[in-house]
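Structure record follows, encoded as structure tokens.
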Amino acid sequence: MMPPELQPRLFRPHISSSSSEPSLSSSSYSPHMSPASTRNFIDRTTPTSRSNNSRFSPSSFAYNGRIAIALVPCAAFLLDLGGAPVIATLTIGLLISYIVDSLNVKFGSFLGIWMSLIASQIAFFFSSSLISSFNSIPLGLLAAFLCAETTFLIGCWSSLQFKWLQLENPSIVVALERLLFACVPFTASSFFAWATISAVGMHNSSYYFLLFACVFYWIFGIPRVSSYKTKQEAKYHGGEIPDDSFILGPLESCFLSLNLMFMPLLFHIASHYSVIFTSASSVSDLGLLFFIPFLFQLYASTRGGLWWVTKNSDHLQSIRIVNGAIAMVIIVICLEIRVVFHSFGKYIQVPPPLNYLLVTITLLGGAAGAGASVLGMISSALSSAFFTALAVIVSSAGAIVVGFPLLFTPLPAVAGLYFARFFTKKSVPSYFAFVALGSLMVIWFVMHNYWDLNIWLAGMFLKSFCKLIVANIIIAMAIPGLVLLPSKFHFLTEAGMVTHAILLCYIEDRFFNYSSIYYYGMEDDVMYPSYMVILTTLIGLAVVRRLFADHRIGSKAVWILTCLYSAKLAMLVLSSKSIVWVSAALLLAVTPPLLLYKEKTKSASKMKPWQGYAHVVVVAVSVWFCRETIFDALQWWNGRPPSDGLLLGFCIVLIGLACIPIVALHFSHVLSAKRSLVLVVATGCMFILMQPPMPMTWSYHSDMIKAARQSADDISIYGFMASKPTWPSWLLIVALLLILSAATSLIPIKYVVELRTFYSIAMGLALGVYISAEFFLQAAVLHALIIVTMVCASVFVIFTHFPSASSTKLLPWVFALLVALFPMTYLLEGQVRIKNVFSDNVSWGWDAREEDKKVTTMLAIEGARTSLLGLYAAIFMLIALLIKFELTSLLREKFSERSGQSKTQGGARGMFPSRMRLMQQRRATSTQSFAIEKMSEEGAAWMPAVGNVATIMCFAICLILNIHLSGGSSQAIFFLAPILLLLNQDSDLLSGFSDKQRYFPVTLAISTYLALSSLYAIWEEVWFGGNSGWGVEIGGREWFFAVKNLALLILTSPGHIIFNRYVWSYTTKQSDASPMLTVPLSFAAVVITDVFQVRLLGVLGIVYSAAQYVISRQQYMNGLRYI
């Protein structure tokens, strides 16, 4: 290693004293140790020695941000190329990995992520069409390899997030880290260039690739210390880090440098090989594409980019100077040919050959001065004198080139002199003198070239634009001088930055949003490209961050500037004329909780209540100010103007989402604030889903909204559409708001019985009227019954959850009324309408139209009855779930009481833990009986019986719906049978039913339903499927079919009977082999039968037998452990 006195200051990597940084030590670990020996070595080491001497420190991956910048956009591009199959495959795989990880199966989640990536990559190969897109097999295969490599790198990155992998295999994580830093620059630059070319075309594709190659080299090519290696002692070699502590070695760094310098040039040659020597501009492209990254590599060497070339600082400095000078000369010549004389030739007022000389002096002199300042060569009096002379010559030559009058040539020379004086002596007055003189030159240039043009540009005269641009340039020139003023004048810097940002937003808004009007929709001739908006935004945010880090501007200025620069990006999404200012206002209203309240002391960084209310009001006003922009966005998304309810809903949701930072960061301890926020967001979501009709006094109709809604295209395209009444949606919104208000305790129904009564009746009325008007609009006779039904259900549910002193006596009668209303409503719905139809037929005689009307009415009755069945099934399901929840809560309380009493007994419990666990299990089975006794004492013994009745009725209604809707599907029973899990032990019907037998009704229902379904299928095939009519000939085909399948159905019954008996008692002998003996019988039914239900019974019998064997075996093993 080089001694510290010979190492350049810029090359020494910074070593932070923070404990979160990775550190290095090479005294106790050999890189040739195997993973197993490494694990043994770590296990034998004490914690102190492990932290001080181990070369690997158990820390997290420190460069997730850098990898995310490169790989996350690549992954998004891959998902876009792959489409829905890749997204679905990856989503399912990641869900499985998440479930496995939640079960603490570490290796399973690790393997699941890799399997998900491999499966998604296979789906990508089948779903994407790379070869046809590129129209070339080699290019298609190369693109497929690039996609596969990206997927592999994503897998490596995700592997580094597993801490156990680092602890068990430390050498692997170091290799993965090196692999990522070595390969990501190649992959990311290629993918970013691919995406950019797909968006804007191949015209300047090589320069896009060059830009991304430079960016990713800067992110990954500069030497970084590994996340998994500990630091050397800070005083060792003056804080210098050894080479083996870097992530990349000399070979990888060399390849990254070669990629930076040669890949853009090779890409240009491969894509433009037919025109590379056709003109001087094409030849200049070759020089620029090689020497620009070469010059960037030399600049990166000041940060350690060429550490692998030499360790001698003098040698490295000479390499920078010599090669940099050569690169600058060639770049200047190529820029003159490619850019200056090609695009700005009309501004050069000097005839040839003098123009070439002066332009070269200006560009080369300016580049030489900038390079000397970057390399720190301007430090002595002689170099300062040379720099001053160079500045004077460059400024004078530049002024002559653009046609500045020779009489006033000393003016730019003096400006250059003052600039050099400021740069060498840090004189602030000299800089302001340079600004004043430079402003005069800028004003002359603009007036000389544009002032006499009478052009209407972007909604205003060109002269007005010139004034704005000149003002913005002068402010930008003055800001560096303002920054150097004392701290008491920093408000001038803030004012200058804010003014410059406002002017920039206004100019870019005009150029970007108004240019299409004057170009008559010609998208090829763009006045202000999109990348300029992004570029100025990034530069502005970077300057703001640097000034704030140097304490040159305050937090309020950072807040305003961040909002202004970020608001410009909205122009790229929406084409509204006021989108920039609307977005800025919204960001200024939303971001104060994130940007303003960031002081060091916690008490000072928290909002006061009045500040919170004020910010909420400002957010609401800002969203209302943005209503037309929200309207434009919804119209662009839907393709049609949104309704007033949809617009209001999105405004309310936006207000709620904008208030999340206020509540989460400053009022997280206030429960009412959280509840109000949930209520606001839920209200907005309900308005979006329901889209209720808005009263005219509530709706706002600006000229823009009126013009959008009065378009005749909607009628010509979509025609006249009959709309159903939407006023019932208000009732559903009211009901849901009442539910949310009660759930968040904004309405205290838990403590006031009278309020609870009015609340339950209001809920039932709102839901009853909504259901009647929305689904049973033509059956007026049902409205009263449905409303009474919903009121009864609402009263029962609310008073069951929050009982009162007398509710336990009245609720069984309410439930009885609810049960009685079911058949009454069901039968009344059909009889009234059928009676009306038949009376009309009798009075008017037979008519074909009346017959069609009768058929239509019958279909409507069937649909209404099906809807009624669904409504009552939902009501009974809700009641059963509620009672199950209440009983479970009661059992849990009873069990905790008994457990608390047993804990106070002490002593013998710790001596016999297994025996006590067995006693707890026996005691848990008897707890339900004690709970029933307690409910009997409290007058609530009816709850288990009512829950059982509701469960059975819900199950029966669902079976009827299954027959009506799917014709009695056999697979539906697997979804319907779990309803019987809601059954409870009561004192009458199911007195012997306990928690131990809770699965018995489910298995019994499945077996019984499938058996009955099989009998029906056999009977249907015999009597309706044959050709012999209603008779069955003995020995015929139908007779053989019936006998065979009935016999096979009987063969499946032993397995089901044995398993159902086992589920009831959970007792079996270890030597009992009857479950496995039924497997051949079930297997024969699966293979031989012709009826699907019988085959399903056979498969289920095999599953039952295997499950019984496994559970019995597990019980037997647990018993042996107990003994």
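Glycine too: its Cβ is placed from the backbone N, Cα and C atoms.
Now, the feature entries from TrEMBL:
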COMPBIAS  16-37  compositional bias 'Low complexity'
COMPBIAS  44-55  compositional bias 'Low complexity'
REGION    1-55  region 'Disordered'
TRANSMEM  107-131  transmembrane segment
TRANSMEM  137-158  transmembrane segment
TRANSMEM  179-201  transmembrane segment
TRANSMEM  207-225  transmembrane segment
TRANSMEM  276-300  transmembrane segment
TRANSMEM  321-344  transmembrane segment
TRANSMEM  356-378  transmembrane segment
TRANSMEM  526-544  transmembrane segment
TRANSMEM  579-597  transmembrane segment
TRANSMEM  645-665  transmembrane segment
TRANSMEM  730-749  transmembrane segment
TRANSMEM  756-773  transmembrane segment
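Within the chain carrying the transmembrane segment (137-158), a Cβ under 8 angstroms from the stretch's Cβ atoms is held by residues 64, 67, 71, 74-75, 78, 81, 113-114, 117-118, 120-121, 124-125, 128, 130-131, 176, 179-180, 183-184, 187, 190-191, 194, all 6 or more beyond its ends. Residues of the same chain lying 6 or more positions beyond the ends of the transmembrane segment (730-749) and with a Cβ under 8 Å from any Cβ of it are 672, 675-676, 678-679, 682-683, 686-687, 690, 692, 755-756, 759, 762-763, 766-767, 769-770, 773, 798, 802. Taking Cβ pairs closer than 8 Å, the transmembrane segment (579-597) reaches residues 505, 508-509, 513, 555-556, 558-560, 562-564, 566-568, 570-571, 605-607, 615, 618-619, 621-623, 625-626, 628-629, 658, 661-662, 665-666 in its own chain, all 6 or more past its ends. Ranking 107-131, 276-300, 645-665 by CB pairs under 8 A with the transmembrane segment (207-225) puts 276-300 at the top.
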